Amino acid sequence: MEPTSRTFPTAVSSAQGDPRIAEITQRGVAEVFPGGAAALAERLATTDRPLRVKLGIDPTRPDLHLGHAVVLRKLRQFQDAGHVAILLIGDFTALVGDPTGQSEARPRLTPAEVEENARTYLEQAGKILDFETPGRLEVRRNSEWLARLTLSELIELQAQMTVGQMLAKEDFAQRYRSGTPIYLHEFLYPLLQGYDSVALEADVELGGTDQRFNLLVGRELQLWKGQTPQFCLTVPLLEGLDGYQKMSKSKNNYVGLTEDPLTMYSKLEKVPDQLVERYFELLTSVPPSELPADPRQRQILLAKTLVAQFHSSEAAEEAQRTAQALVLQGNLVETGSIPTFAIQCLSYPVKLSYILRESGLCKSAAEARRQIQGGAVRLDGQKVEDPDLEFAQASELDGRVLQVGKKAFCRLVVGTN
(Lines of atoms letter the chains of each structure in order from A; the text may use other names.)
(Lines give C-alpha, C1' and ligand atoms only; values in the text may rest on other atoms or scores of the structure.)
Protein backbone atom coordinates (compact mmCIF):
# COMPACT_ATOMS: atom_id res chain seq x y z
CA MET A 1 0.00 0.00 0.00
CA GLU A 2 1.59 3.26 -1.11
CA PRO A 3 1.54 6.24 1.26
CA THR A 4 -0.33 9.35 0.20
CA SER A 5 1.74 12.37 -0.81
CA ARG A 6 1.99 15.10 1.78
CA THR A 7 3.98 18.25 2.50
CA PHE A 8 6.10 18.01 5.63
CA PRO A 9 7.69 20.82 7.68
CA THR A 10 11.29 21.56 6.78
CA ALA A 11 12.48 23.42 9.87
CA VAL A 12 13.33 21.87 13.20
CA SER A 13 11.70 24.83 14.94
CA SER A 14 8.34 23.63 13.64
CA ALA A 15 8.56 20.73 16.08
CA GLN A 16 8.10 23.23 18.88
CA GLY A 17 5.01 24.76 17.28
CA ASP A 18 3.27 21.65 15.97
CA PRO A 19 1.00 20.27 18.70
CA ARG A 20 0.82 16.92 16.92
CA ILE A 21 4.57 16.39 17.28
CA ALA A 22 4.46 17.36 20.95
CA GLU A 23 1.61 14.93 21.54
CA ILE A 24 3.41 12.11 19.72
CA THR A 25 6.73 12.54 21.49
CA GLN A 26 5.67 13.64 24.97
CA ARG A 27 2.16 12.74 26.08
CA GLY A 28 1.87 9.19 27.36
CA VAL A 29 5.47 8.34 26.43
CA ALA A 30 7.81 6.39 28.70
CA GLU A 31 11.00 6.53 26.63
CA VAL A 32 12.28 7.39 23.16
CA PHE A 33 15.63 6.06 22.00
CA PRO A 34 18.11 6.91 20.73
CA GLY A 35 18.35 10.59 21.57
CA GLY A 36 15.15 11.03 23.53
CA ALA A 37 11.95 12.80 22.55
CA ALA A 38 13.83 15.77 21.08
CA ALA A 39 15.60 13.59 18.51
CA LEU A 40 12.36 12.01 17.33
CA ALA A 41 10.66 15.41 17.25
CA GLU A 42 13.45 16.70 15.01
CA ARG A 43 13.06 13.71 12.70
CA LEU A 44 9.31 14.25 12.49
CA ALA A 45 9.76 17.95 11.79
CA THR A 46 12.39 17.59 9.07
CA THR A 47 11.42 14.42 7.22
CA ASP A 48 10.55 14.83 3.56
CA ARG A 49 8.40 11.69 3.46
CA PRO A 50 5.88 9.90 5.65
CA LEU A 51 7.66 7.74 8.22
CA ARG A 52 6.87 4.04 8.48
CA VAL A 53 5.70 3.42 12.04
CA LYS A 54 5.44 -0.20 13.14
CA LEU A 55 3.38 -1.75 15.90
CA GLY A 56 3.41 -5.51 16.24
CA ILE A 57 0.67 -7.36 18.10
CA ASP A 58 0.65 -11.10 18.66
CA PRO A 59 -2.96 -12.35 18.60
CA THR A 60 -2.68 -14.56 21.68
CA ARG A 61 -6.16 -13.77 23.06
CA PRO A 62 -9.47 -13.08 21.34
CA ASP A 63 -10.15 -9.54 22.58
CA LEU A 64 -8.45 -6.19 23.08
CA HIS A 65 -8.75 -4.08 26.22
CA LEU A 66 -7.74 -0.57 27.31
CA GLY A 67 -4.19 -1.74 27.96
CA HIS A 68 -3.84 -2.40 24.23
CA ALA A 69 -5.53 0.93 23.48
CA VAL A 70 -2.61 2.93 24.93
CA VAL A 71 -0.15 1.97 22.19
CA LEU A 72 -2.86 1.84 19.49
CA ARG A 73 -3.71 5.46 20.29
CA LYS A 74 -0.05 6.38 19.90
CA LEU A 75 -0.04 4.72 16.48
CA ARG A 76 -3.17 6.69 15.57
CA GLN A 77 -1.38 9.93 16.48
CA PHE A 78 1.29 9.12 13.90
CA GLN A 79 -1.46 8.45 11.36
CA ASP A 80 -3.12 11.78 12.08
CA ALA A 81 0.22 13.52 11.51
CA GLY A 82 0.39 12.00 8.02
CA HIS A 83 2.66 9.03 8.61
CA VAL A 84 2.14 5.40 7.60
CA ALA A 85 0.98 3.15 10.42
CA ILE A 86 1.97 -0.49 10.04
CA LEU A 87 -0.21 -2.76 12.15
CA LEU A 88 1.74 -5.99 12.16
CA ILE A 89 -0.23 -9.08 13.10
CA GLY A 90 2.30 -11.49 14.58
CA ASP A 91 0.62 -14.62 13.30
CA PHE A 92 3.99 -16.39 13.05
CA THR A 93 5.54 -15.08 16.27
CA ALA A 94 2.33 -15.94 18.17
CA LEU A 95 3.10 -19.57 17.41
CA VAL A 96 6.51 -19.10 19.08
CA GLY A 97 5.24 -17.12 22.08
CA ASP A 98 6.72 -13.89 23.44
CA PRO A 99 8.72 -14.75 26.60
CA THR A 100 8.59 -11.13 27.80
CA GLY A 101 7.23 -10.94 31.33
CA GLN A 102 6.86 -14.71 31.56
CA SER A 103 8.22 -16.75 34.45
CA GLU A 104 7.82 -19.89 32.34
CA ALA A 105 7.26 -20.81 28.71
CA ARG A 106 3.93 -19.74 27.21
CA PRO A 107 1.44 -22.42 26.16
CA ARG A 108 1.67 -23.01 22.41
CA LEU A 109 -1.28 -21.86 20.30
CA THR A 110 -2.65 -23.60 17.23
CA PRO A 111 -2.73 -21.81 13.85
CA ALA A 112 -6.54 -21.86 13.98
CA GLU A 113 -6.57 -20.11 17.37
CA VAL A 114 -4.12 -17.49 16.13
CA GLU A 115 -6.18 -16.84 13.00
CA GLU A 116 -9.43 -16.39 14.91
CA ASN A 117 -7.77 -14.06 17.41
CA ALA A 118 -6.25 -12.05 14.55
CA ARG A 119 -9.69 -11.58 13.02
CA THR A 120 -11.14 -10.10 16.20
CA TYR A 121 -8.03 -7.96 16.81
CA LEU A 122 -8.46 -6.27 13.44
CA GLU A 123 -12.15 -5.65 14.02
CA GLN A 124 -11.50 -4.08 17.40
CA ALA A 125 -8.42 -2.08 16.34
CA GLY A 126 -10.78 -0.28 13.97
CA LYS A 127 -12.25 1.49 16.99
CA ILE A 128 -8.96 3.39 17.30
CA LEU A 129 -7.00 3.32 14.04
CA ASP A 130 -7.91 5.01 10.77
CA PHE A 131 -8.73 2.16 8.40
CA GLU A 132 -10.42 4.44 5.85
CA THR A 133 -7.92 7.09 4.68
CA PRO A 134 -5.87 5.74 1.75
CA GLY A 135 -2.17 5.36 2.48
CA ARG A 136 -2.46 5.79 6.25
CA LEU A 137 -2.41 2.12 7.21
CA GLU A 138 -0.73 -1.11 6.21
CA VAL A 139 -1.94 -4.33 7.80
CA ARG A 140 0.73 -7.00 7.49
CA ARG A 141 1.36 -10.49 8.87
CA ASN A 142 4.87 -11.57 9.75
CA SER A 143 4.25 -15.03 8.32
CA GLU A 144 4.73 -13.29 4.95
CA TRP A 145 8.51 -13.38 5.48
CA LEU A 146 9.20 -15.45 8.59
CA ALA A 147 7.53 -18.57 7.22
CA ARG A 148 9.81 -18.36 4.18
CA LEU A 149 13.12 -18.20 6.07
CA THR A 150 15.40 -21.07 5.11
CA LEU A 151 17.45 -22.96 7.67
CA SER A 152 20.64 -21.27 6.48
CA GLU A 153 18.99 -17.83 6.80
CA LEU A 154 17.77 -18.70 10.28
CA ILE A 155 21.27 -19.76 11.34
CA GLU A 156 22.66 -16.51 9.97
CA LEU A 157 20.02 -14.60 11.93
CA GLN A 158 20.86 -16.43 15.15
CA ALA A 159 24.54 -15.65 14.62
CA GLN A 160 23.81 -11.96 15.20
CA MET A 161 23.37 -12.43 18.97
CA THR A 162 25.09 -14.37 21.73
CA VAL A 163 23.59 -16.38 24.58
CA GLY A 164 25.11 -13.82 26.93
CA GLN A 165 23.17 -11.04 25.22
CA MET A 166 19.96 -13.04 25.49
CA LEU A 167 20.54 -13.65 29.19
CA ALA A 168 20.84 -9.89 29.66
CA LYS A 169 17.08 -9.83 29.08
CA GLU A 170 15.71 -9.73 32.62
CA ASP A 171 13.00 -12.34 32.06
CA PHE A 172 15.57 -14.85 30.83
CA ALA A 173 18.03 -13.90 33.56
CA GLN A 174 15.50 -14.54 36.32
CA ARG A 175 14.52 -17.89 34.89
CA TYR A 176 18.17 -18.88 34.48
CA ARG A 177 18.97 -17.95 38.09
CA SER A 178 15.95 -19.85 39.41
CA GLY A 179 16.61 -22.92 37.30
CA THR A 180 13.34 -22.52 35.36
CA PRO A 181 13.71 -24.01 31.86
CA ILE A 182 14.39 -21.67 28.95
CA TYR A 183 13.60 -23.30 25.63
CA LEU A 184 15.65 -22.58 22.53
CA HIS A 185 12.63 -21.42 20.53
CA GLU A 186 12.13 -18.64 23.11
CA PHE A 187 15.57 -17.23 22.28
CA LEU A 188 14.32 -16.93 18.72
CA TYR A 189 11.50 -14.57 19.60
CA PRO A 190 13.46 -11.29 19.97
CA LEU A 191 15.33 -12.09 16.74
CA LEU A 192 12.11 -12.71 14.84
CA GLN A 193 10.51 -9.52 16.15
CA GLY A 194 13.65 -7.63 15.22
CA TYR A 195 13.66 -9.16 11.76
CA ASP A 196 10.13 -7.82 11.27
CA SER A 197 11.61 -4.31 11.39
CA VAL A 198 14.08 -5.29 8.66
CA ALA A 199 11.34 -6.73 6.46
CA LEU A 200 9.14 -3.65 6.90
CA GLU A 201 11.99 -1.10 6.77
CA ALA A 202 10.51 0.53 9.85
CA ASP A 203 11.50 4.09 10.76
CA VAL A 204 9.84 3.93 14.17
CA GLU A 205 8.70 1.00 16.30
CA LEU A 206 6.21 1.29 19.15
CA GLY A 207 5.80 -0.97 22.15
CA GLY A 208 5.23 -1.17 25.87
CA THR A 209 8.07 -0.60 28.31
CA ASP A 210 8.41 -4.38 28.62
CA GLN A 211 9.38 -4.54 24.93
CA ARG A 212 12.56 -2.43 25.23
CA PHE A 213 14.95 -5.34 24.69
CA ASN A 214 13.08 -6.60 21.61
CA LEU A 215 12.90 -3.12 20.08
CA LEU A 216 16.65 -2.69 20.48
CA VAL A 217 17.23 -6.02 18.72
CA GLY A 218 15.32 -4.57 15.77
CA ARG A 219 17.78 -1.66 15.60
CA GLU A 220 20.75 -4.04 15.66
CA LEU A 221 19.36 -6.21 12.87
CA GLN A 222 18.60 -3.18 10.71
CA LEU A 223 22.23 -2.07 11.09
CA TRP A 224 23.32 -5.60 10.12
CA LYS A 225 21.26 -5.33 6.94
CA GLY A 226 22.52 -1.85 6.10
CA GLN A 227 19.32 -0.02 6.99
CA THR A 228 18.95 3.16 9.02
CA PRO A 229 18.02 1.89 12.49
CA GLN A 230 14.56 2.70 13.73
CA PHE A 231 13.57 5.04 16.53
CA CYS A 232 11.98 3.16 19.41
CA LEU A 233 9.13 4.68 21.41
CA THR A 234 7.77 2.93 24.47
CA VAL A 235 4.54 3.66 26.32
CA PRO A 236 3.75 2.84 29.96
CA LEU A 237 1.93 -0.35 30.84
CA LEU A 238 -1.58 0.50 32.00
CA GLU A 239 -2.52 -0.64 35.48
CA GLY A 240 -5.83 -2.45 35.74
CA LEU A 241 -8.91 -1.68 37.80
CA ASP A 242 -7.32 -3.28 40.87
CA GLY A 243 -4.96 -0.32 40.94
CA TYR A 244 -1.58 -2.03 40.82
CA GLN A 245 -1.32 -5.01 38.44
CA LYS A 246 -0.91 -4.64 34.69
CA MET A 247 -4.31 -4.69 32.99
CA SER A 248 -5.01 -8.23 31.89
CA LYS A 249 -8.04 -10.34 31.07
CA SER A 250 -6.53 -13.20 33.06
CA LYS A 251 -6.45 -10.99 36.17
CA ASN A 252 -10.04 -9.80 35.59
CA ASN A 253 -8.95 -6.19 36.07
CA TYR A 254 -9.64 -5.07 32.52
CA VAL A 255 -12.07 -2.97 30.47
CA GLY A 256 -12.70 -4.55 27.08
CA LEU A 257 -12.98 -2.41 23.96
CA THR A 258 -16.18 -4.18 22.93
CA GLU A 259 -17.96 -4.07 26.28
CA ASP A 260 -21.38 -2.46 26.20
CA PRO A 261 -21.58 1.22 27.24
CA LEU A 262 -23.19 0.58 30.63
CA THR A 263 -20.66 -2.06 31.68
CA MET A 264 -17.76 0.09 30.44
CA TYR A 265 -19.08 3.18 32.22
CA SER A 266 -19.71 1.31 35.48
CA LYS A 267 -16.16 -0.07 35.53
CA LEU A 268 -14.49 3.22 34.64
CA GLU A 269 -16.32 5.37 37.16
CA LYS A 270 -14.69 3.20 39.83
CA VAL A 271 -11.08 3.60 38.63
CA PRO A 272 -8.94 4.14 41.77
CA ASP A 273 -8.36 7.83 42.50
CA GLN A 274 -4.60 7.53 42.16
CA LEU A 275 -4.95 6.24 38.57
CA VAL A 276 -7.56 8.61 37.16
CA GLU A 277 -5.05 11.18 35.87
CA ARG A 278 -2.92 8.39 34.40
CA TYR A 279 -5.94 7.00 32.53
CA PHE A 280 -6.69 10.48 31.20
CA GLU A 281 -3.10 10.89 30.02
CA LEU A 282 -2.75 7.50 28.35
CA LEU A 283 -6.26 7.00 26.97
CA THR A 284 -7.64 10.46 26.14
CA SER A 285 -6.65 13.83 24.73
CA VAL A 286 -8.21 15.80 27.59
CA PRO A 287 -5.71 18.46 28.81
CA PRO A 288 -4.83 18.32 32.53
CA SER A 289 -6.15 21.88 32.89
CA GLU A 290 -9.66 20.67 32.01
CA LEU A 291 -9.88 18.01 34.72
CA PRO A 292 -12.34 18.77 37.53
CA ALA A 293 -10.89 19.43 40.96
CA ASP A 294 -13.35 17.06 42.63
CA PRO A 295 -12.08 13.43 42.50
CA ARG A 296 -15.56 11.98 41.99
CA GLN A 297 -16.27 14.30 39.07
CA ARG A 298 -12.96 13.25 37.52
CA GLN A 299 -14.04 9.62 37.62
CA ILE A 300 -17.37 10.46 36.02
CA LEU A 301 -15.70 12.54 33.29
CA LEU A 302 -13.25 9.71 32.60
CA ALA A 303 -16.06 7.18 32.26
CA LYS A 304 -18.11 9.43 29.96
CA THR A 305 -15.09 10.36 27.84
CA LEU A 306 -14.04 6.77 27.19
CA VAL A 307 -17.56 5.47 26.56
CA ALA A 308 -18.04 8.30 24.05
CA GLN A 309 -14.69 7.45 22.48
CA PHE A 310 -15.47 3.77 21.95
CA HIS A 311 -19.23 4.06 21.42
CA SER A 312 -20.82 7.53 21.10
CA SER A 313 -21.64 10.64 23.11
CA GLU A 314 -25.27 9.56 23.20
CA ALA A 315 -24.30 6.14 24.56
CA ALA A 316 -22.15 7.81 27.23
CA GLU A 317 -25.03 10.03 28.38
CA GLU A 318 -27.43 7.08 28.49
CA ALA A 319 -24.90 4.94 30.38
CA GLN A 320 -24.47 7.67 32.96
CA ARG A 321 -28.23 8.05 33.43
CA THR A 322 -28.72 4.31 33.77
CA ALA A 323 -25.79 3.87 36.17
CA GLN A 324 -27.10 6.67 38.36
CA ALA A 325 -30.58 5.14 38.28
CA LEU A 326 -29.16 1.86 39.55
CA VAL A 327 -27.91 3.45 42.75
CA LEU A 328 -30.81 2.29 44.87
CA GLN A 329 -31.16 3.05 48.58
CA GLY A 330 -27.42 3.69 48.77
CA ASN A 331 -26.50 0.28 47.32
CA LEU A 332 -24.75 0.22 43.96
CA VAL A 333 -25.88 -2.62 41.75
CA GLU A 334 -22.91 -4.15 39.92
CA THR A 335 -24.04 -3.66 36.33
CA GLY A 336 -21.50 -6.11 34.97
CA SER A 337 -23.41 -8.91 36.71
CA ILE A 338 -26.85 -8.05 35.29
CA PRO A 339 -28.12 -10.83 33.02
CA THR A 340 -29.51 -9.96 29.62
CA PHE A 341 -32.87 -10.94 28.17
CA ALA A 342 -33.14 -11.09 24.39
CA ILE A 343 -36.54 -9.95 23.13
CA GLN A 344 -37.01 -11.82 19.88
CA CYS A 345 -39.57 -11.48 17.10
CA LEU A 346 -42.21 -9.62 19.08
CA SER A 347 -44.99 -7.80 17.32
CA TYR A 348 -45.40 -4.23 18.47
CA PRO A 349 -46.85 -2.64 20.49
CA VAL A 350 -45.87 -4.95 23.34
CA LYS A 351 -46.85 -4.67 26.98
CA LEU A 352 -44.30 -4.44 29.77
CA SER A 353 -46.22 -7.12 31.66
CA TYR A 354 -45.50 -9.54 28.78
CA ILE A 355 -41.77 -8.77 28.95
CA LEU A 356 -41.74 -9.23 32.72
CA ARG A 357 -43.28 -12.68 32.30
CA GLU A 358 -41.09 -13.76 29.37
CA SER A 359 -37.89 -12.59 31.07
CA GLY A 360 -38.67 -14.65 34.16
CA LEU A 361 -38.76 -11.65 36.47
CA CYS A 362 -42.43 -12.46 37.09
CA LYS A 363 -44.17 -15.84 36.90
CA SER A 364 -47.20 -14.57 35.02
CA ALA A 365 -48.67 -11.48 33.41
CA ALA A 366 -51.06 -11.20 36.35
CA GLU A 367 -48.14 -11.17 38.79
CA ALA A 368 -46.42 -8.59 36.62
CA ARG A 369 -49.46 -6.30 36.87
CA ARG A 370 -49.56 -6.74 40.66
CA GLN A 371 -45.84 -5.91 40.96
CA ILE A 372 -46.31 -2.77 38.86
CA GLN A 373 -49.33 -1.69 40.90
CA GLY A 374 -47.35 -2.29 44.07
CA GLY A 375 -44.53 0.00 42.91
CA ALA A 376 -41.93 -2.79 42.69
CA VAL A 377 -41.08 -2.43 38.98
CA ARG A 378 -38.52 0.05 37.68
CA LEU A 379 -37.18 0.76 34.22
CA ASP A 380 -33.73 2.35 34.19
CA GLY A 381 -34.31 3.14 37.85
CA GLN A 382 -37.61 4.95 37.27
CA LYS A 383 -40.69 3.50 38.95
CA VAL A 384 -43.31 2.19 36.52
CA GLU A 385 -46.87 3.07 37.57
CA ASP A 386 -48.99 2.03 34.59
CA PRO A 387 -49.73 -1.74 34.54
CA ASP A 388 -50.81 -1.40 30.91
CA LEU A 389 -47.62 0.32 29.77
CA GLU A 390 -46.83 -0.51 26.13
CA PHE A 391 -43.85 0.04 23.84
CA ALA A 392 -44.44 0.89 20.21
CA GLN A 393 -41.05 -0.16 18.82
CA ALA A 394 -37.89 -2.07 19.65
CA SER A 395 -35.72 1.03 20.09
CA GLU A 396 -37.76 1.97 23.16
CA LEU A 397 -36.54 -1.18 24.91
CA ASP A 398 -33.06 -2.00 23.66
CA GLY A 399 -30.36 -1.63 26.31
CA ARG A 400 -32.68 -0.63 29.15
CA VAL A 401 -32.47 -2.18 32.61
CA LEU A 402 -35.64 -3.74 34.02
CA GLN A 403 -35.92 -4.30 37.77
CA VAL A 404 -38.40 -6.04 40.06
CA GLY A 405 -37.86 -5.48 43.76
CA LYS A 406 -34.37 -4.82 45.06
CA LYS A 407 -32.42 -7.74 43.61
CA ALA A 408 -34.04 -8.95 40.36
CA PHE A 409 -32.61 -7.27 37.26
CA CYS A 410 -32.12 -7.86 33.56
CA ARG A 411 -30.84 -5.78 30.68
CA LEU A 412 -33.18 -5.88 27.68
CA VAL A 413 -31.62 -6.65 24.32
CA VAL A 414 -33.65 -6.65 21.14
CA GLY A 415 -32.60 -9.76 19.22
CA THR A 416 -33.59 -11.62 16.09
CA ASN A 417 -33.95 -15.27 15.22
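Yeah, the Cβs are placed from backbone N, Cα and C, and that goes for glycine too.
Remember, predicted model here, so these are calculated numbers, not experimental data.
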Which stretch does Swiss-Prot mark as motif ''HIGH' region', out of 59-68, 289-298?
59-68
Under Swiss-Prot, which of the candidate ranges 176-180, 246-250, 266-270 is annotated motif ''KMSKS' region'?
246-250
With an 8 Å cut-off on Cβ-Cβ distance and a minimum sequence separation of at least 6, pull the same-chain contacts of Lys249 (ATP binding site), or say none.
Arg61, Asp63, His65, Gly256
Give the three-state DSSP assignment (helix, strand or coil) for Lys249 (ATP binding site).
helix
Can you count helix, strand and coil residues in the motif ''HIGH' region' (59-68) using DSSP?
3 helix, 1 strand, 6 coil
Write out how many residues of the domain 'S4 RNA-binding' (350-414) are helix, how many strand and how many coil, based on DSSP.
20 helix, 20 strand, 25 coil
